[in-house]
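**Q** Take a look at this one; I'll ask things after.
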Amino acid sequence: MLDIRLIRKEPKECESRLQKKDPAISLERLLDLDKTVRQLKADSEALLAKRKVLSGQIHKAKVANENADALIQEVNTIADQLVAFETTLQEQEALLEDLMARLPNYPDEDVPVSPDKTGNQMIKSHGEVPTFPFPPKHHMQLNEALQILDFKLPAKTTGSGWPAYCNEGVLLEWALLTYLLNKQQAHGFQLWLPPLLVKRDILFGSGQIPKFDGQYYRVEDGDRSLFLIPTAEVVLNGFHSQEILNEQDLPLCYAAFTPCFRREAGAGGAHERGLVRVHQFHKVEMFAFTTPEQEEVVYQKMLHVVEEILSELQLPYQLSLLSTGDMSFTAKKTIDAEVWLPGQKAFYEVSSISKCGDFQARRSETRYRDAQGKLHFVNTLNGSGLATPRLLVAILENYQQADGSVVIPSVLRPYMNNQEILLPKTVR
């Protein structure tokens with residue numbers, strides 16, 4: 001949520017900044033509604049003041065045994081006006097709040113302006129894209145022999161886009177997750193296994209709704225609805241909603257492992273088959289609450305963790321600064337870490353590290369008290385640390401051998417009983 005006071009003070013500047021993300025954004029209707037709401041409040045306060053004066057006059061008239069019928073009639077008329085004003089005010093405030101809730105975060109000044117991902121800037125490249133002395137296989141082709149993933153059986157029970165891990169695929173997935181969690185803990189992140197279902201207001205606080213309403217799996221629980229989380233960012237942000245934190249306790253750096261649920265799987269087309277885009281996947285998510293002064297330090301820390309993981313896995317990767325048209329609704333700056341997938345012949349995002357400023361904190365009402373006792377909104381940051389499906393794809397495709405086997409990265413072997421290689425089922 002943005003600060004309405006700044007929009008009132010600098011409407012043109014705010015509109016210009018927002019149009020970097022979406023050129024169609026106009027603040028004209030919002031400002032008109034804001035004026036209407038403020039005028040209604042002023043008129044209501046004037047009527048309340050007038051009623052108070054009249055009530056005093058009625059009291060004096062009664063004490064003096066004077067006729068107060070006209071005064072009483074005027075007070076009754078004011079009461080009816082106040083009821084009408086309150087109804088109109090509630091309607092106009094709801095419209096204003098909805099417009100405010102649909103405005104994205106302002107992008108930082110150093111973010112490239114572009115309508116889409118073509119404006120993203122590659123800021124770092126690490127490792128060499130592998131060349132194979134044989135035709136490299138897509139991970140789905142490798143899986144035919146390895147048999148570590150199953151897409152047919154879960155398609156019967158649930159539908160397409162819901163893969164199941166099996167055999168050594170289960171062990172490799174858990175090895176990867178254990179390694180990721182250990183890495184987060186080593187860097188001082190507090191580990192969490194949070195709930196997978198959240199209330200609607202928690203989705204609102206993280207910025208998922210109302211803009212993306214209807215894109216989340218919903219569970220009916222009696223007279224209320226709960227939603228399956230698309231990322232642990234949602235629940236971690238909600239942990240301190242409507243709270244006042246102490247400045248000396250900041251930054252709070254959390255890392256959570258959760259399954260994530262997204263309805264848009266398959267949106268990338270048939271070429272993104274397999275694990276590249278699915279409805280349910282595992283992810284370790286980093287999330288932090290900071291002061292504005294701590295924000296950049298924690299941001300660099302998150303970037304460092306992601307780079308360390310990809311370097312230790314010995315996967316070729318690049319970092320891209322996202323343009324305004326490719327950033328999320330809540331972010332003011334995002335750097336994507338992308339790994340090379342030979343099967344796609346392209347780099348694919350495995351982590352997004354974002355600064356959100358006080359955007360989510362305003363929606364969630366998360367503040368901190370400084371040493372002087374003043375209240376401020378916290379800043380929030382988030383970053384995938386990391387999502388495993390594409391990471392697993394990257395391992396399978398980059399570590400594949402001519403015979404269809406896959407070498408297990410050395411950093412994962414301690415979590416797989418020191419197993420060094422995945423062999424095709426036919427040679428096991």
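Note: Cβ is positioned from N, Cα and C throughout, glycine not excepted.
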**Q** To which of S114, S125, S384 does Swiss-Prot also attribute binding of L-serine at the site defined by T231, A232, E233, E285?
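**A** Among S114, S125, S384, only S384 appears alongside T231, A232, E233, E285 as L-serine-binding in Swiss-Prot.
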**Q** With the cut-off set at 10 Å between Cβ atoms, which of these binding-site residues ends up with the most neighbours? Options: E264, E285.
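**A** Ranked by Cβ atoms within 10 Å, first place goes to E285.
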**Q** List the other residues in this chain whose Cβ sits within 8 Å of the Cβ centroid of the L-serine site residues T231, A232, E233, E285, S384, in sequence order.
**A** V234, L236, A256, T258, C260, K283, V284, M286, F287, N382, G383
**Q** Would you please pick out, from the binding-site residues E233, E349, the one with the fewest other Cβ atoms within 10 Å of its Cβ?
**A** E349
**Q** Using a Cβ cut-off under 8 Å and a sequence separation of 6 or more, which residues in the same chain sit near S352 (ATP binding site)?
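**A** Within the chain, S352 (ATP binding site) has Cβ neighbours under 8 Å at L322, S328, T334, I335, D336, A337, N382, G383, S384.
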